[in-house]
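Novice: Please find one structure pasted underneath; my questions will follow.
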Amino acid sequence: MTNVLFIKANGLPAERSVSVALYEIFLTEYKKSHPDDNVTELDLFEADLPYYDVTMMSGLHKEAAGETLSPEEKRLADIANSYLDQFLAADKIVMAFPLWNFSIPAQFLTYLFYLNQAGKTFKYTANGPVGLVADKKIALLNARGGIYSDGPMQSFEMSLSYVKNVLAHFGISEPEMVIVEGHNAKPDQAKDIISAGAKEAVELAKIF
């Protein structure tokens, strides 16, 4: 049985968020097209995601070195590792997220920090870091109200580009993508822009 992890990184309802609308459309079609797969949903705005602070970092580093952790270090390291274990157990992962203030929501950033662990998602070598989870199949559903694919705002796009770089660090270099952009910048075209993205999400879900 294929294990599929759906990650939603936006706390707004679908009627107010294009990335959440894409998530729900993709999820519905995926379940319809792959009825035998085991689907798990992770809502990062509802999840327990303690800030990636010095105590958590210390705990994870001590754990990797085989050292003794304090009770609080162990508690926080266990939380981070629980999300990492869930990620590692998935054969396919779908990530839906917006561009907010040129980047990603803080909850999503924290989650990705949890995943970024040497010896688990990547390893250090004499020739630099090498990803360890290249076998994962990933779909990215990204929405941004402005135009960032080209033009004067292109260099400000640090949402999709950041996530792609993190995944590349893990060895996942060619994720599937559905990108919806410009619906706020071009309100007269918003309906058509969003509709086109929704259709693209449906078609990808069928074959993902």
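Glycine residues also receive a Cβ, built from the backbone N, Cα and C atoms like all the rest.
So Swiss-Prot lists these for the protein:
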BINDING   Ser17, Val18, Ser19  FMN binding site
Novice: For the recorded FMN site, enumerate neighbouring residues of the same chain (Cβ within 8 Å of the Cβ centroid of Ser17, Val18, Ser19, site residues themselves excluded), in sequence order.
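Specialist: Near the FMN site, the remaining chain residues are Asn10, Leu12, Ala14, Arg16, Val20, Ala21, Leu22, Tyr23, Ala96, Pro98, Ala143, Val180.
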Novice: Looking at the binding-site residues Ser17, Ser19, which sits with the largest number of other Cβ atoms within 10 Å of its Cβ?
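Specialist: Going through Ser17, Ser19 one by one, the largest Cβ count within 10 Å is at Ser19.
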